[in-house]
Each structure stands twice: as C-alpha cells, then as structure tokens.
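Following: one structure in structure tokens, then a few remarks.
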Amino acid sequence: MSARPKLVVGNWKLHGSLNGNAELLEKIKAAGQTRAALAVCAPFPYLAQCQSVLAGSSVAWGAQDVSAETRGAFTGEVAASMLSEFGCGYAIVGHSERRTYHGETDAQVAIKALRALEHGITPIVCVGETLAQREAGETELVVARQLEAVLESLSVEQLGHIVVAYEPVWAIGTGKTATSEQAQAVHAFLRGRVAACDAGVAQRMPILYGGSVKPDNAAELFTMADIDGGLIGGASLKAEDFLAIGRA
C-alpha cells in the first residue's frame, strides 16, 4: 500500500432522483471520516443538489463529463466554466461509455481534460481496454495511447492536478473484476508512463481502479502499491456499499 491518500469516487451514471439522491447524500455526509476521501459524480441536473446537500462536508462532488467547447452553438453541451461557477470539484473525462456510445476520441478527451483544468476542476481521465484487446495482448498499447494523448496536451504543472482511472472495459458492469495483480500491473505501467514526463508528478498522482469494485474486493485492490482508490459505479448507489469501499 502506498503513502498516497486514497480517493473513492462514485459515478452515478444515468441514475438518480431528487428524493433518492437526498437520502443517499445525507447518509454519505453523516457517516463521518472514512479512510479514503470521497466524491460523487452525478448527472448534470443533480449537481446543484449535490452542491447544496454536501456544503460544509468533506465529501466532494463532480460531473460525469465536460464539454471540449467553451461557448457557442453546441446544443446539449456543458462548459467547464459553467461547472466551476458553482464549485464543481471533479469531472470524469474519457469514460469508456463515452468513448463507445458517443465516439469520443483520445484527442477530444485530452481537450476536455485541459478545459477542466483551465477552470480549476480536477479531471478524472479514464483509460482501459476491451476484452478483445486484452486477449490480443494489447492492454499496454491501448492504455498508453489513451494516456499519451493527455500527457502530450498538458504541461508538467497541469499533470500534477489530474487523476487517472484505469477501467478495464470488460469489467464494467459485468460483475467481472480484474485480479488485484492484473490491476496493479496496469497501474504500475501507467505510473511509469507519467514518470517519463516527471517522476515527482508520477509519484503523487492518484491512479484509481474502476471495474466492478465492491465492498468484498475493495480492500484487496487497495492494498496494491499503485492502486490509490476506486471509480465506483453500481456500488456507489447504495450508501452502505459506497461507505464500506471508502473504509476499505
């Protein structure tokens, strides 16, 4: 286990309701200190609710995406400047579901990360391979390509303000989880790629694991030297499970 602080981020995806969110957020807020720092990334309509309910607490909140554009005729887009106006702390960029269903490219993800940073928002940059790519032995090739697009677009100073999340696509929402050793190997590889830019930044950078993290496997994953927490999907919708992961 590393000395880096742990971070556990809940990605609610396309889930939530005003009443349900209020109950979930209040339970998380009332739980007190956990081993890991906690954050929740909610759908855009609920960000103001997160801001209100979590005000004054140690729980951070963020968005699940951010536009690569800054302003203009881009219907449906939400700019980083808009998010930052009311205190958004994080923005997920490059999630595999955005890459797969919305055709986002590595270059677009890099621009989104830059837009977030320009407005004081920490981008959570997601990388990960499909099952076919893993079975073809292309895991490192794929995640390196995805990460390098971001590394090449940012200064060393900016790199010190991002979070990376490794999310093997074959383990998202499938119930399958990479073994702790498989995940650690990719995390170590990713940290090595960052170290090629700056060793100090690499040593400090949080690299999260995302892929069917649950209370019963979080502790083992989080003991790995280069796994600094988790990007949590389904388990983040239940306060008890999310908090258990935060305490792992």
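Each Cβ is built from the backbone N, Cα and C atoms, and glycine gets one as well.
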Exercise. For the substrate site that Swiss-Prot lists with N11, W12, K13, G173, G233, G234, give the additional residue from the candidates S52, S57, S212.
Key: S212
Quiz item: Whole-number Å distance between the CA of E167 (active site, proton acceptor) and the CA of N11 (substrate binding site)?
Solution: 12
Quiz item: For N11 (substrate binding site), what is the secondary structure state per DSSP, taken as helix, strand or coil?
Solution: strand
Exercise. Within the same chain, and leaving aside N11, W12, K13, G173, S212, G233, G234, name every residue whose CB is within 8 angstroms of the centroid of the CB atoms belonging to the recorded substrate site, in sequence order.
Key: I172, I232, A235, S236, L237
Quiz item: DSSP three-state call for H95 (active site, electrophile): helix, strand or coil?
Solution: coil
Quiz item: Near N11 (substrate binding site), which residues of its own chain have a C-beta under 8 A away, given they sit six or more steps off in sequence?
Solution: C41, Q64, I92, H95, G210, L231, I232, G233, S236
